[in-house]
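A.B. asks: If you scroll down you'll find the structure; I have some questions about it.
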Amino acid sequence: MDLSIPNPVADATHQAGGNPGGQPLEIDALIVGAGPVGLFQVFELGLLEIKAHIIDSLKVVGGQCVELYPDKPIYDIPAVPICTGQELTDNLLKQIEPFSPTFHLGQEVSVVERREDGRFFVETSLGTRFITKTIFIAAGVGSFQPRTLKVEGIDKFEGKQLFYRVKDPSRFHGRNLVVVGGGDSALDWTLDLVGKAESVVMIHRRDGFRAAPASVAKMRELCEQMEMQFMVGQIGGYEEKDGVLTEIKVTGADGVTRRMPVDDILVFFGLSPKLGPIAEWGLDLERKQIKVDTEKFETNIPGIFAVGDINTYPGKKKLILSGFHEAALAAFGAAPYIFPDKKIHMQYTTTSPKLHKVLGVETPVFD
């Protein structure tokens, strides 16, 4: 899925031609990862008049912010007292509009080869090919997949009655809902959907949680008020009728297996992060993270940079704002590869007419 996004939406609404199996696209910068840091990397490169293409294994823009906590508040973005993951993504997309980046979604990088001319040949899992002067790895924890419910055959209901994330909460209103898991996501959605779903049953393998104590206390209070149920146990089987999931079989801590009617199952077992093909690029790794310098956030391979949660260096902090800082220095570090004969001058968006032109804004006149 290849697209350009000229407005702040995080889904694929504007198509742009790809080149699966065709001639490689010759570009200046390729960003791997369309999360907040990858999106801000587009902005910092754009200020230096470097156009970027972005690859992401997900089919939507926003990375973990949109995949894991689109509606959860974020409090530590400078000058933004509070925003959700989706709002942060939408604002970043709005911010990078002037630079018209091209997104290649739902695909992973499968091949990276250094060419004799110093550029890189890159190919994705969908056959999209590039020849690029620089690569920026902003892949967070790498590609990640939800840990799934291990019940034989139940996967056929995924996306219909079995879900690993909530895209539309109203989908579960008026339904008999089972929520499985013991972390914050499981508790948060349980509490949110009580009173909206027809019934809510929470199932966890033990009577202990990896979640905020206040959420656990609220859940137990709702159980006492008969607003929902909590059960210690594990799902071991299911029943269906005419291709529709109708019941699950839950084995409790007492060893007894009980049948439970169900319309939908929400599973929150966490995510399994994987570096995937990145681990095979010849990069220096430390505990599955990419080592970089702190001057340019360049890896051991000249021309390949790593920003955000995927990198490591002394004093590293996995914060979105740290990733933004890294993206700025990485852009300046990459400029000599793209403009070898051009001296890069430090300019400020507050005062530079050149940057105002790049951003498509008018230069203010002060009396």
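Glycine is no exception: its Cβ is also placed from the backbone N, Cα and C atoms.
Swiss-Prot lists these features:
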- Asp56, Gln64, Tyr69, Val109, Phe144, Asp309, Thr350: FAD binding site (BINDING)
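Burial and contacts for the listed features, if you can.
C.D. replies: Other Cβ atoms within 10 Å of the Cβ of Asp309 (FAD binding site) number 25 in total over all chains.
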A.B. asks: Applying a 10 Å Cβ distance cut-off over all chains shown, what neighbour count does Asp56 (FAD binding site) have?
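C.D. replies: Taking every protein chain into account, the count is 26.
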A.B. asks: Have a look around Thr350 (FAD binding site) and count the other CB atoms within 10 A of its CB, chains all included.
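C.D. replies: Result for Thr350 (FAD binding site): 8 other Cβ atoms within 10 Å.
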A.B. asks: Mind giving me a neighbour count for Gln64 (FAD binding site)? Other Cβ atoms within 10 Å of its Cβ, every protein chain shown.
C.D. replies: 19
A.B. asks: Could you list the residues of the same chain, at least six apart in sequence, whose Cβ is under 8 A from the Cβ of Tyr69 (FAD binding site)?
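C.D. replies: Result: Thr84, Gly85.
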A.B. asks: Can you check what DSSP calls Asp56 (FAD binding site), collapsed to helix, strand or coil?
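C.D. replies: Its secondary structure by DSSP: strand.
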